[in-house]
Amino acid sequence: MPGRLSAHLRRLESEAIHIMREVVAEFRKPVMLYSIGKDSTAMLHVAQKAFFPAVPPFPLLHVDTTWKFREMIAFRDDAAKRAGMELIVHVNQDGVRRGISPVASGSSVHTQVMKTEGLRQALDQHGFDAAFGGARRDEEKSRAKERVFSHRSEAHAWDPRNQRPELWHLYNTRIRQGESMRVFPLSNWTEFDVWDYIQAEDIPVVPLYFAKERPVVRRDGALIMVDDERLPLKSGETPEMRRVRFRTLGCYPLTGAVDSDADTLDAVLAEMRDSTTSERQGRLIDSDEAGSMEKKKREGYF
Amino acid sequence: MSGDANHFALPTLRFLTCGSVDDGKSTLIGRLLYEQKSIFDDQMSALERDSKKHGTVGDDIDFALLVDGLEAEREQGITIDVAYRYFSTKKRAFVVADTPGHEQFTRNMATGASNADLAILLVDARKGLLPQTRRHAFIVSLLGIRDVVLAVNKIDLVGHDPHVFSSIVKDFETFAERLNFRSVTPIPVSARYGDNLSEPSQAMPWYTGPTLVGFLETVEVRDRRADGPFRLPVQWVNRPNLDFRGYAGTVAGGRVSPGDEVAVSASGRTTRVLRVIASGHDVEAAEAGDAVTLTLADEIDIARGDLLADPKARPPVADQFAAHVIWMSEERLLPGRSYLMKIAEKLVPVTVTDLKHRIDINSLEHNAAKTLGLNEIGFCNFATSAPIAFDPYGKNRDTGAFILIDRATNATAAAGLVDFALRRATNIHLQDLAVTKAARAALKHQKPAILWFTGLSGAGKSTVANVVETKLHARGVHTVMLDGDNVRHGLNKDLGFTDADRVENIRRVGEVAKLMVEAGTVALCSFISPFAAERRMVRELVEPGEFVEVFVDAPIESCIARDPKGLYKRALAGEIRNFTGIDQPYERPEHAEVVLAAGEATPEALADQVIAALEERGIIQRF
């Protein structure tokens, strides 16, 4: 019952619902980016409430890099089915033909081709004029300054110097033909809020977030899970079984696990209260150089 | 990640920090995040790396780098945008809007203030109050923030001197008398060293007030909207099947429960609430801030943009009202130009009918003005194309705030705060006319229309229009000619050639042309009309199909060569200012009904193209 949510979460949920309804009322063809992680999962849950008793009037889109954890893919298909929503899975076939992979091409080329370009292809191919993303402002410095309604040019580019001021809850949704909007309903949520919401609403999440014995190798200081046979082991590397979990989920060769015993939501929340590292620490793609996220975003990364 | 926002007694506090350049805003926020353990180890090591590369404080950690997010501003050492930060203490959760101090970015400060409960105004103890501090205090007050903290920063650099502190406080209190604050809490701090942030400073035994964090943790800034009358701007109509019709939106005032009477503001009709759905369930009550879906007892006409309200405390409904605006665009505000106004969920064309005054935000004096530029604040009369329901901003931020959108660029041009209705729309009754436009036109056996010739000076607009009128006249069509030069000798002889005057020139001509259409005639209008916005304004004065835009497209070179009135020669010599095509832009029509490639054909041939287009559109009969 709604009484379960604290005033703080209720306010965040209402704000997210307001943003989603605004998009549905103003845009011709919206889509919700569904990346399978906890933020996307919370966002999808809010969407089901926003349009209740209707099913959310837009499809889900997953840009599959083909390197996601196997458990993520299984969870994705279930989640879409439970929500009764259409799921569009897009793979950058050109990237596949070129043999792009995080192992062979390195993290930044892989991300650029399979995620950023893949996303642009999918948006263009279906003619979506608004796309929801689960990004939060507390994730990263350049995110902190992004608008809730973030305008993109015809080439999907983001211009951080030319953002529309966003006052009150009055969102300027006007775009020209060919332009689009990225919309972030969870902008004002923190990582903690997301977990708290998942707990309060009892929302299923990918089991990878909970501690379990998993085969991992230590690489550049990170624990990388050997999710399938495609991960070439370097000399001296032997997978060992460790009790680990993930704070953030991406392509498995690019996502570091943390040692943990937290195998329930309560334990995960308790662990987070004591945590001294940020969730993006597990993301190898951000540490290339300072400002790397901003560069990616300008080029069309979510 | 300290604290758990969901078990706090007090609601999350949203505040903004503002002050002049280099007063230490970013440092203050960085330090607050650091002290509240909201900076993780990996972010800390990135900060240490960045401090060596970009830092401005020697070997110490430069806390400002934590919050100055974008590359460009890191390189320039300034904050160029609003950044939102989240942290919590054991007692409360906070959202911080960090806003820039540079004058040209005042719009971002207003943005940060629009959703804040409280403001921290930073002052550099060495410099005292600066013009920028006053401006920000004024904007904060204008946007309805009632509680401010005056943080006198860098107090260490004046030897922690209590006299410096008290003299700055006195200066501010004198200035703030003219503003609308409920409380001003002065605190001496050093953001760099953390004095009086979380812990009382050892260096300032003379200061016995609260620390900054101690104050923020306990200050009560209650959202009073729930105590006001019920308001629900309808955002979206939910109709999944024939059995369900729900009106979705976020409650903007008061409370609502099943059984309550509600009125639809525009039509005045009332009905009863059947169900209140919030967070995906039926609930007994919802209040301001809750996103809800209501079902109603009667099927009455309600659409996105309508305002549902308490029938005993209905909002004013008007099509003319007075409001403050903060101009946010490089393109200046032009009275008479049509903008889109978004208020609550309603989007409606609007014009500024009168710019009453501009506010000098240093002296707070009211000055006469013809336009507003970027970051200027004015007080204006507005006229909307349809009546809207609203509350004065002072009573309800959600139903009294609006933005203006530039119709050509889609940019957010201004933020506005409604003060009061100029006259109630319910009192203006358009005189019902016994003889209609259609009846007048039928008597003449013709369809009325506006033929709008636009193009550069010397393109041949008047020449072609004259030939067209001759041809129409020969066919027995009743016409009238409104020519730019002729109109300026009479109706518009008080107007010059500035942007503002050009807009007013076209507005008047448009109204006259509309009267001509009402009279059943075909009005030929020949005006440079350089701005797309005004051409669209005239187009919208009449019914669809009655406005035919004829773009006389001649290259500027051939206009200069032709120069029938010798004007280009004088403009190029600098003798005439604001000359279209020379020192003032001409916005080419993108969707003109007729485009004439002038310069390649005779006026006779061009006129025939216009006649053919009129036949095609059924405005005149084919022979």
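In case you wondered, yes, glycine gets a Cβ from its N, Cα and C as well.
Curation does not apply to TrEMBL; its annotations are automatic.
Taken residue by residue with DSSP, B:Ser529 (active site, phosphoserine intermediate) is part of neither helix nor strand, so it is coil. Within the same chain, residues at least 6 positions away in sequence whose Cβ sits under 8 Å from that of B:Ser529 (active site, phosphoserine intermediate) are B:Trp452, B:Thr454, B:Arg502, B:Ile506, B:Arg535. Residues or ranges marked as active site, phosphoserine intermediate in TrEMBL: B:Ser529.
As annotated by TrEMBL, GTP binding site applies to B:19-26, B:98-102, B:153-156. All chains included, 29 other C-beta atoms sit within 10 angstroms of the C-beta of B:Ile155 (GTP binding site). Under DSSP, B:Ile155 (GTP binding site) is assigned to a helix (H, G or I) in the three-state scheme.
DSSP assigns B:Ser457 (ATP binding site) to coil, not to a helix or a strand. The ATP binding site annotation in TrEMBL covers B:Gly455, B:Leu456, B:Ser457, B:Gly458, B:Ala459, B:Gly460, B:Lys461, B:Ser462.
Each residue in the domain 'Tr-type G' (B:10-224) has a pLDDT score, and their mean in this model is 81. Residues or ranges marked as domain 'Tr-type G' in TrEMBL: B:10-224.
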Sparsest Cβ surroundings (other CB atoms within 10 Å) among the binding-site residues B:Thr99, B:Ser462: B:Ser462
Spatial separation of B:Lys25 (GTP binding site) from B:Gly455 (ATP binding site) - C-alpha basis, Å: 51
Other CB atoms within 10 A, centred on B:Lys25 (GTP binding site): 28
Chain-mates of B:Gly455, B:Leu456, B:Ser457, B:Gly458, B:Ala459, B:Gly460, B:Lys461, B:Ser462 with C-beta within 8 Å of site centroid, ATP: B:Ile528, B:Val552, B:Ala554, B:Cys559, B:Ala598
Candidate with sparsest Cβ neighbourhood (10 Å radius) among B:Gly455, B:Gly460, the listed binding-site residues: B:Gly460
Cα distance (Å, whole number) from B:Gly19 (GTP binding site) to B:Ala459 (ATP binding site): 52
Per DSSP, three-state class assigned to B:Asp22 (GTP binding site): coil
Proximal but sequence-remote residues of the same chain as B:Ser457 (ATP binding site) (Cβ under 8 Å, at least 6 apart): B:Ile528, B:Cys559, B:Lys565, B:Leu567, B:Tyr568, B:Phe579, B:Thr580, B:Gly581
Secondary structure at B:Ser462 (ATP binding site), reduced by DSSP to three states: helix
